[in-house]
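Feature annotations, courtesy of TrEMBL:
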TRANSMEM  B:21-41  transmembrane segment
TRANSMEM  B:251-271  transmembrane segment
DOMAIN    B:255-371  domain 'ABC3 transporter permease C-terminal'
TRANSMEM  B:296-321  transmembrane segment
TRANSMEM  B:341-367  transmembrane segment
TRANSMEM  B:388-406  transmembrane segment
TRANSMEM  B:412-434  transmembrane segment
TRANSMEM  B:464-482  transmembrane segment
TRANSMEM  B:700-718  transmembrane segment
DOMAIN    B:701-810  domain 'ABC3 transporter permease C-terminal'
TRANSMEM  B:750-774  transmembrane segment
TRANSMEM  B:786-806  transmembrane segment
Amino acid sequence: MTLLTPDGFILEAQNVAKSFPAQEQRLELFSALSLQVKPGESLAIIGRSGAGKSTLLSLLAGLDQPSAGHIKIAGQDLSSMDDAQRAAFRSQYISFIFQSFHLLPELSALDNVRLPLEIRGDEQAEQQALKWLKEVGLEKRVHHYPSQLSGGEQQRVAIARAFVTSPQLLFADEPTGNLDDETGQQIIEQLFTLNAEHKTTLILITHDPDLASRCQRCVTLNNGHLTERSL
Amino acid sequence: MSASVRLLRRQMQGQLRTTEWRALLIATWIAITLTTLLSLLGDRLERGLIRESASVLGADMVLSSQRPIQDLRRQQAADAGLNSTSVIQFPSMISAGDDMMLSSVRIVQSPYPLRGQIQTRPAQETDIPEPGHAWVEARVMSQLGLSIGDKIELGYTELIVNAELISSPDRGSGFRSFSPQILVNEADLDASGILAPGSRAEFRLLLSGSTEQVNSFTLFLNESLGDEERLFTLQSDQPMGGGALASALNYLKLTSLITLLLSALTIFLSLKRFSQSQHLRCALLLSLGMTQRSMVMLYLMQLLLAWAVLALIGSLTGIALEQMVSRWLDELLPQSLPAPALWRYFTGAGVGLALLVLLGLPPTLGLSKVSVSALFRDEDIRTERRGLVLQLICALLLLAVLLSFLEAPIAALILLLFLLIGGAVLGSIAQFCLKHLATPLSKRLLLGRLLVMRLRQQRQWHRLQSAVAILLLTLLSVVWVSRTDLLEDWQAQIPDDTPNYFVVNIQPWQTEGLQSFLDNANVSAEFFPMVRGRITTLNGAPIHAQMTPEQLEHNTLNRELNLSWSNHAPTHNTMVEGQWWQGETTEPLISVEAEMAEILGLKLGDVLGFDLAGLEVEAQIANLRGVEWTSFQPNFYVIFDEATLNQFPATYITSFRLAQEQQELANQLIREFPSLTLIDIDQMLLQLSQWLTRLGDSSALILALSLICGSMLMLLTLQQALDQRRYEGALLQTLGANAKQTQHLDLLELMLLGALCGLMAAIIAEGVIALLYIHLLDIAPQLHLGLWLALPLASFAFFTVSGALLRKRLTLDQCYRLLRAH
């Protein structure tokens, strides 16, 4: 069941600020960012290098604490939780896809995919993992290790791993950044198809405008401000 | 199988392929092996020989003296309700047919011993040998080719060997406890004719009783102890036997400190590198839903699992090595060693656990600080430098564990400081030399300037590597040389005509016969009378009132001296000051050894007072003599004029040289003069050299473990350094250098470092060995050319080969990818 904020958002950021201690004064990355995302929506966050996209993603995913403001996911205010509560919350609602795939090299594709389920104590882990590997077209590669898979295949394993826990929110950080154009296209196709089928909310960080245009919404992060871009 | 267990298993399997995890495993294995070996060996030696116990003393307390113990003492003991028995122990040549050997003879009376038991083969019904019989140790049996029922000659008497002595308490003090022993009934002493007034022997009164009786008699004896008497009790600090062995054991333990430190450093660096390499993995696990607690538990489990496997393997290796070393020592030890305490088998595992937990805890807990956001930034993650307090606490705890294991905390602490400071100084000198060596090269080589820059950048790494390499190579060289060469070099410089036999306990009436025996064989020998006496006064006032505490500790003031007389200067001494007296003297005169005179501040004309068996004698210093103590001639601190001393009962001593083909004369001499004690110096030196070799072997074994550990440490840091160089090499290649040039740059740096470390180690080792030659052996230092060749070559080869093996050549494509990844 999808939990929402009273206004019907799965994710809501209100006046979020983030600053870092610099040499003599604090460096302010952004001061009052607000953002709302509806369930099942796909949102792209674009911006130039150093604009703070990754920091924003960390805040939205509850990996980091804002200097000010509130972030609510599925109706719950992350800033009122301690580290352990946030971790537990994340594990229940959120999945990630990374630019560098980040598969565990000593685990097979199957083991990599079932790992998050096993961490949660799911007894159906193997069946679920096999199902998801089949969905991403890797049913014949289940026992291969990451080093035996191509870059595209590795990212598909990572996608299967992200979806296997049925997350409500999926954060993807430059998912095609380490892939050639053709493979990147295939991966994006697959990602959006699965996203649509499973009604997952997708928040995607990229600096590729083409990729961003595949999302339902796109916001630009520039000079500490978020600007909605029409697609 | 749960996810954590599967992950743990896979994680361990995968990490077995990494250098840091391998180095960690090997260092821990070595630490466990070494501590198990030393703990077991130490315990067995202590139980068997060193630690005071009733079964080692053979009594609750032992009164020992160089003179016969007065009957009064025995009466006092009886009055105090104590049981007592007398023992006389002396060295003597035992012969069987044509074979003979120097043994330690114990003359005993029943009941014996008062505590503990004597074990013989075959078992005997009586507690001591019957008159006319002897129980002898296996070493005597084998060297003289004896079987049960054979006869041996002790002085003028023949004894039947009716049992082999397997173990016995009360072996005596000092080196004599290591000599092969023979037990003889006191009824046979007179017939042997060996012991005469003035003969060298240790007289002991063994005493036993209740704790109260023993304690009160100890108090009583301590107050009335004579100069020549010493008291050994279960609580006394001074060991009855095995003092040398205790020192040897401490030496081995201190040697092991180096290995333990190297293991600890290797484990520390491995864990540091390991935990750094795990940051991304941890971030990923957290992103997949694992809690920080589970993740820390996962890594702690990994460490514990590694420890469990290593504890088993390391303990087994340690036990096997202990068996090997105790077998080496077995033939030199007086009796077989008892089994160690059960807990000693687990010491190694305990120390290993302390090493892994205390060194592993800070970086493992640090892993929980990793943030998932690191996975988005794709940057080198560094956990915050928190936990310094924890690191410090863990390091101190570890130090405490290691020092308590070594059981000599002060010495270990000093050695530790010495190693740390010495290492830092050596490392800095090596780095300084390296910098200056490379400067001239910079103009001649294509990448020379880069080499100089790199040497500056990598100075910390070079300091650590060179300090470890130099210390290890130096230690190995010193141990290697002192194992065999030291004694051989010392023996080689002894002149060919140096005496190789001493004869002691010669009674005055035997001198003439012995002199003519030696004259007939064309063996020249000078006889010196010996009277025991103690220095009591200087210029009429008590010596204690006039000397500093340091002077009072001098060898000549705290014991009875062997004094001699002569009306002419000994030919092997040199006159330093004054003249020898001519003919009869009107007043008592003495000649004093020059070094003793210098230390005690004695001058010509001073009058020294002596206590000679209760009689006071005063004599004026007429001259000072230079004495070569290592000349194997009878030497004396004080020589009197004849008229003053010849009224006292004396025995004589002489030394002479028998050539290889004259050895049979020694047998003839013992047959003709059975009561004399003939000491074969060659045999004693052989025994000493066996000890040195065994001790050298044992420390070489420990140092070999250090070497493995040190190599692991160096390989680990080398790989870390090479990883950093990969980036630099890739950059250079993309800027136009070819793969060969970047390889040459890396290897040149390592070659220079290797050769320099070897050279510095050779210089220091040669210096340490020279100090040993000068101060320990008193001979001129010699150059060990082998060291000068072997050390630089070995070190050069190690650095170059490992660098070449660890360094992977990069293709241009790989360079681009590497640079992109950064």
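Cβ atoms are placed via backbone N, Cα and C, with glycine included.
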Integer average pLDDT (0 to 100) for the domain 'ABC3 transporter permease C-terminal' (B:255-371): 85
Region pair the transmembrane segment (B:341-367) / the transmembrane segment (B:786-806), three or more CB pairs under 8 Å: no
Recorded stretches the transmembrane segment (B:750-774) and the transmembrane segment (B:21-41) touching, at least 3 CB pairs under 8 Å: no
Interface check, the transmembrane segment (B:412-434) with the transmembrane segment (B:464-482), three or more C-beta pairs under 8 A: yes
Residues in the domain 'ABC3 transporter permease C-terminal' (B:701-810) grouped by DSSP into helix, strand and remaining coil: 95 helix, 0 strand, 15 coil
Beyond the flanks of the transmembrane segment (B:464-482) by 6 or more, those residues with Cβ under 8 Å of it: 255, 258, 262, 265, 419, 422-424, 426-427, 430-431, 434, 692, 696, 699-700, 703, 706-707, 710, 713-714, 717-718, 753-754, 756-758, 760-762, 764-765, 768-769, 772, 784, 787, 791, 794-795, 798-799
Counts of helix, strand and coil residues, the domain 'ABC3 transporter permease C-terminal' (B:255-371), according to DSSP: 97 helix, 0 strand, 20 coil
